[in-house]
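Pulled from TrEMBL:
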ACT_SITE  B:Cys2  active site, for GATase activity
BINDING   B:Asp100  L-glutamine binding site
BINDING   B:Ile289, B:Ser363, B:Gly364  ATP binding site
DOMAIN    B:2-213  domain 'Glutamine amidotransferase type-2'
SITE      B:Glu365  site 'Important for beta-aspartyl-AMP intermediate formation'
Amino acid sequence: MPDATLTAELKDYLESEALIRFGEEITEDTDLFKAGVLDSFGYIALMNHLHERYGVELGEELLDSVRVSLRAIVELVEASAVPSAAHGEDGR
Amino acid sequence: MCGIAGAYGGELPSGSHRDLIEGMLRQIEHRGPDEAGCYLDDRLVMGTVRLGIIDLANGSQPIGSADGRWWLCYNGELYNYRELRRELSARGVRFHTDSDTEVVLQAWLTWGRECLPRFNGAFAFAVYDSAADELTLVRDRFGKRPLFVARHEGTWLFASEMKAFLAYPGFRFRFDQEQLASIFATWTPLPAQSGYHGVEQVPMGEYLRLRGDRVERGRWATLDLEPGPAPESERDAVELIRAELAAAVDVRLRSDVEVGVYVSGGLDSSIIAHLAAARQPGPLRTFSIEFDDAAVDESAEQAALTARLGTRHHAVRIRDEDVVRAFPAAVRHAEVPAFRTAFVPMYLLAEQVRQAGIKVVLSGEGADEAFLGYGIFKDVLLLTAWHDLDEDTRLDRIARIYPYLPHFAGEGAARRMLGLYRQFTEERLPGLFSHQMRFQNGRFAVRLLRDAPDPFEAVRRLVAAEPGYDALAPVRKAQWLEFRTLLAGYLLSTQGDRMALGHGVENRCPFLDPAVVRLAASVNHRFGDPFDEKYLLKRAYADVLPQRVVAKGKFPYRATDSAAFVRAAPDYRDTLTDSTVLDEIGVLDPRFTRALVDRVFDGPAERVGTKENQAFTLLASLFWLHHWFVRGQARERSPLRCGLHVVDRRTSALPA
């Protein structure tokens with residue numbers, strides 16, 4: 001189950017960055033590239049944000065996911081973020 | 001250089017035909033302030049405003065055939081007019097002037113439309129066969145000179161600039177949502193687009209033939225980018241480039257008035273300045289733009305070049321307030337939405353050029369398209385080969401594509417771009433593989449529009465209808481798109497012809513000589529490293545240009561975009577979000593428009609990137625286009641300042 005706080009934070013970030021509102025038209029499962037929400041500048045800004053805010057350093061793998069949606073981003077951040085003590089995994 | 005305008009067929013409005021054409025010509029008098037002439041017939045009015053450059057005394061227009069059957073209104077320069085004149089003279093044609101205009105008419109009379117592929121020049125013209133009542137409108141192969149056409153109540157209107165239509169009784173401009181969506185997403189109008197309902201361009205290399213109610217559209221030149229035989233060696237290739245460019249500059253120095261050169265500080269215009277300086281008896285006059293904003297300023301390279309060449313140099317220093325102050329007037333001349341502000345300083349530069357007494361300038365446009373100078377050509381090489389490359393090679397190439405862009409710089413930047421590039425390794429927009437990233441980014445600005453239709457429909461149709469396009473190699477498809485969109489739709493027009501002619505200055509582009517473009521196609525990517533852009537051009541001129549100019553690498557000419565408005569004109573914030581204005585413009589989405597304007601004015605600055613700048617500039621230009629064109633405020637109501645020479649062939653005017 002994706003972390004609700006993380007989802008809310010990233011939703012806020014994307015809404016503010018791309019001047020959009022998540023709702024009926026753009027949902028957590030919408031492909032953000034195809035919907036024109038994410039572009040190359042927005043993508044780089046998102047990468048920088050994930051790096052600075054969550055310590056995530058992603059290369060190609062984020063967009064290798066089938067769908068670049070809010071949900072997919074949250075899941076990838078959860079999977080690759082600098083771990084809390086409870087997980088004890090290596091961050092990238 | 002000149003401007004043309006006219007109206008053909010249907011019921012020409014009652015009242016004076018002379019007043020009608022004078023009104024239309026008055027709107028474009030800046031293109032040709034030296035003299036004006038018109039031809040009146042029962043079915044046609046057409047005229048020319050002329051900027052005298054060749055045969056100042058005898059080059060007046062309109063020009064007719066000796067028997068009075070054929071009439072020509074011509075805007076342009078035919079650089080090889082002397083050679084064609086000799087060829088025609090040898091066939092027995094007698095000339096009465098030394099002008100290139102007469103050569104165009106005689107070539108048309110001798111060869112018909114087959115004369116066009118012989119023309120090396122920049123032109124748009126209207127030629128009328130009064131015996132057959134047939135009007136043909138023609139535009140040059142690269143779209144150097146403009147030609148707009150509109151249908152109004154059964155009458156065909158045509159003009160070098162759309163603003164001429166404002167003088168036609170009952171004509172109104174209305175934004176076209178579908179075209180605007182395409183323009184916002186792809187940066188520029190496509191070859192036939194204008195941004196307005198019912199107004200089209202004669203696309204580059206095409207003609208429009210009107211005879212009564214019959215309309216025929218056809219093409220006389222295709223954009224041939226197929227490589228010919230490769231030179232045997234790099235040395236041969238370099239020699240060929242030197243020879244063709246020298247010849248291209250030679251013919252473009254043909255003028256009865258002094259010719260200057262625009263220098264940006266980049267490689268292309270430096271090459272042109274070098275070649276022109278070597279061919280002038282006295283010091284060459286050069287002109288450039290300097291910026292207060294160090295991020296876009298290239299004055300150090302300009303200084304190195306002009307010192308090296310010993311030119312008489314004029315620089316215009318541009319501050320934020322200059323961009324903002326001249327923006328409305330520059331948009332009035334641009335006539336179409338603009339995605340960056342860099343055309344505005346060019347308008348101010350042309351003003352200085354004209355004040356310095358210069359009417360003709362050479363510039364470096366076309367080099368990046370012909371010799372593959374843009375990062376997008378490296379993009380397509382990388383993306384085409386993506387699946388065959390290992391990660392280190394991908395990273396190395398990404399880092400070499402746009403070194404001048406901030407988000408490509410810095411530690412780890414290339415690695416962060418990997419995922420982005422990966423997204424564009426499959427063709428999702430048919431035929432547009434090379435430009436998917438750019439066009440996709442353009443979706444942001446499309447959100448300015450209410451009820452925007454699919455913004456890529458028009459460009460998909462354009463490439464689908466192009467014979468032979470599908471079979472082109474990926475880099476040549478990218479090149480074709482650059483010639484047909486950014487070059488013709490912005491660099492040659494909004495930033496080129498329109499700004500220069502706004503002050504009666506003609507711009508000439510040696511890199512767009514057909515022989516140069518043909519040669520470039522045969523040498524590109526056959527020598528050197530394709531990720532070292534314009535490798536052969538650098539090799540050909542490294543010994544004669546300052547090292548810092550050659551070593552700098554691609555640095556596109558840019559100006560300060562939205563930040564200039566934020567710093568110098570904060571009242572734009574209220575102007576662009578005023579409910580009454582937004583309602584009146586009609587096509588804009590008020591919520592997104594306000595969110596964008598707030599973002600631009602509230603910042604922080606690092607959150608205002610390329611996409612915000614482009615969307616903001618498109619918005620601000622749309623605001624002024626609405627003012628000038630939709631509301632009709634661009635219309636000049638005063639008479640022509642230079643007077644009007646009239647050829648009246650109406651039945652009512654002929655002797656009984």
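Note: Cβ is positioned from N, Cα and C throughout, glycine not excepted.
Features recorded in TrEMBL, as mapped to the structure shown.
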{"residue": "B:Cys2", "record": "active site, for GATase activity", "Cβ within 10 Å": "32"}
{"residue": "B:Asp100", "record": "L-glutamine binding site", "Cβ within 10 Å": "25"}
{"residue": "B:Ile289", "record": "ATP binding site", "Cβ within 10 Å": "25"}
{"residue": "B:Ser363", "record": "ATP binding site", "Cβ within 10 Å": "28"}
{"residue": "B:Gly364", "record": "ATP binding site", "Cβ within 10 Å": "23"}
{"residue": "B:Glu365", "record": "site 'Important for beta-aspartyl-AMP intermediate formation'", "Cβ within 10 Å": "25"}
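Other residues of the same chain near the ATP site, with their Cβ within 8 Å of the Cβ centroid of B:Ile289, B:Ser363, B:Gly364, are B:Val261, B:Tyr262, B:Val263, B:Ser264, B:Gly266, B:Asp268, B:Ser269, B:Ser288, B:Glu365, B:Tyr557.
B:Glu365 (site 'Important for beta-aspartyl-AMP intermediate formation') has B:Ile289 as its nearest neighbour among the recorded positions B:Cys2, B:Asp100, B:Ile289, going by CA to CA distance. A distance of 13 Å separates the Cα atom of the residue listed as 'L-glutamine binding site' from that of B:Cys2 (active site, for GATase activity).
Closest to the residue listed as 'active site, for GATase activity' in space, going by CA atoms and restricting to the binding-site residues B:Ile289, B:Ser363, B:Gly364, is B:Ser363. Once the Cα atoms of B:Ile289, B:Ser363, B:Gly364, the listed binders of ATP, are compared pairwise, the greatest separation found is 14 Å. In three-state terms derived from DSSP, B:Glu365 (site 'Important for beta-aspartyl-AMP intermediate formation') belongs to neither a helical nor a strand segment and is classed as coil.
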